[in-house]
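TrEMBL has this to say about the protein:
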TRANSMEM  31-50  transmembrane segment
TRANSMEM  56-78  transmembrane segment
TRANSMEM  90-110  transmembrane segment
TRANSMEM  130-147  transmembrane segment
TRANSMEM  159-177  transmembrane segment
TRANSMEM  183-204  transmembrane segment
TRANSMEM  225-244  transmembrane segment
TRANSMEM  296-316  transmembrane segment
Amino acid sequence: MEMDQNIVDRVPQKLSGKPDVSEYEKKKQSFITRTIWTFIMIAGFFVAMFSGHVYIIAVITAIQVISFKEIIAIANVPSKARNLRFTKSLNWYFLASTMYFLYGESIIYYFKHILLLDKVLLPFATHHRFISFMLYVMGFVFFVATLEKGHYRFQFTQFAWTHMALYFVVVQAHFIMNNVFEGMIWFFLPASLVITNDIFAYVCGITFGRTQLIKLSPKKTVEGFVGAWICTIIFGFFMTNLLMRYKYFICPVNDLGANVFTSLECTPNPVFIALPYHLPAWIHIDHTFMIAPMQFHILVFATFASLIAPFGGFFASGLKRTFKIKDFGDSIPGHGGMTDRMDCQFIMGLFAYLYFQSFIAVYHKATVGGVIETAITGLTIQEQVEVLKVLSKYLYNQGAVTEKAVSCFSNEALRKLTK
């Protein structure tokens, strides 16, 4: 009897149907932490977005760097990295040179009318691509020079892995930054569609889910996938209708100091202007309704966010299974790594940029930045002066400037200036 009693004493509490108290507390604490940080991220996101475009770009930059760090870390072998002291330095060097190139491209494209007027920044702007290439070449040469016998496989693996991370994270995030410059709506709407789809995929999956969608994510169901698609389209239609009313969201950046209170001024893209549409004749209802073309485009955005963007998450799941890890990192308490939260956003941001440039962007024959760039890089000083003289006379005839302004560019004044 004593032996039987000892056996009973050693039976785990789990067999009695009661959960382990410590495990319950752990799950409870994890849920609380996750919820708190969810609200912190949402609040921080809206504060940054309403504070101005510069703050959102800073957030995107932070996401780039953290995600790059997480992806590089999962393929790193600490014991080998310690023996190769320049491995990590090279990773960060390639990140810095890539960001210099990409950020420079964006800044020059959107703000050339400012950069080309600065004597110090002018050579960096006009020779940006060559400078960027030489920075990369320096890193490439340094990598080859530091190859060590016995570590070739590890070093080349790190080299390839670094470039993959640069493409999947830094390059794609760069296009998200360009979306911000084109107008806040092109950044916020794609991001919110992905988040909405993720939420409704969970809700519809829990409620109606029966059929497994993909083996990489056993909890994903076809019913949740389709239900989220429908809900995302509905959300996108109404959210677009709301955002189109505010120029802060639809105007391209022309003032980096602007925020939601100062707003922006621009001529709205025709895609945001409501047009009359008639129902098809076969419906036999003579009714005309006003709707903006953007509300048709949002159907494409919502479809991509629902049917294609989730595969970015599936790709990330497959990558984590390859390396036998649960999360990419622990940079966000309760949520795992930054990459775990952004895996679908990267491909969605790239799609939004390409779709906008292909079907929505309005290209003018000439822009202020383009004219200034042509004048500075394509004309001699004497030719630039001649342009000023003619332009000042034209503006005077239009009543835009005074006669005093024209006299500043007279032949006599210019001769004194060149002496």
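Quick reminder: no glycine exception, Cβ is built from N, Cα and C everywhere.
Tertiary neighbourhood of the transmembrane segment (296-316): same-chain residues 189-190, 193-194, 196-198, 201, 214, 216-217, 220, 225, 228-229, 232-233, 235-237, 240, 271, 328, 339-340, 343-348, 351-352, 355, 359-360, selected by CB-CB distance under 8 Å and a gap of 6+ residues from either end.
Across 31-50, 130-147, 183-204, 225-244, the stretch most heavily in contact with the transmembrane segment (56-78), judged by Cβ pairs under 8 Å, is 31-50.
Sequence-distant contacts of the transmembrane segment (31-50), counting only residues of its own chain at least 6 positions beyond either end whose CB sits under 8 Å from a CB of the stretch, comprise 56, 58-59, 184, 188, 259-260, 332-335.
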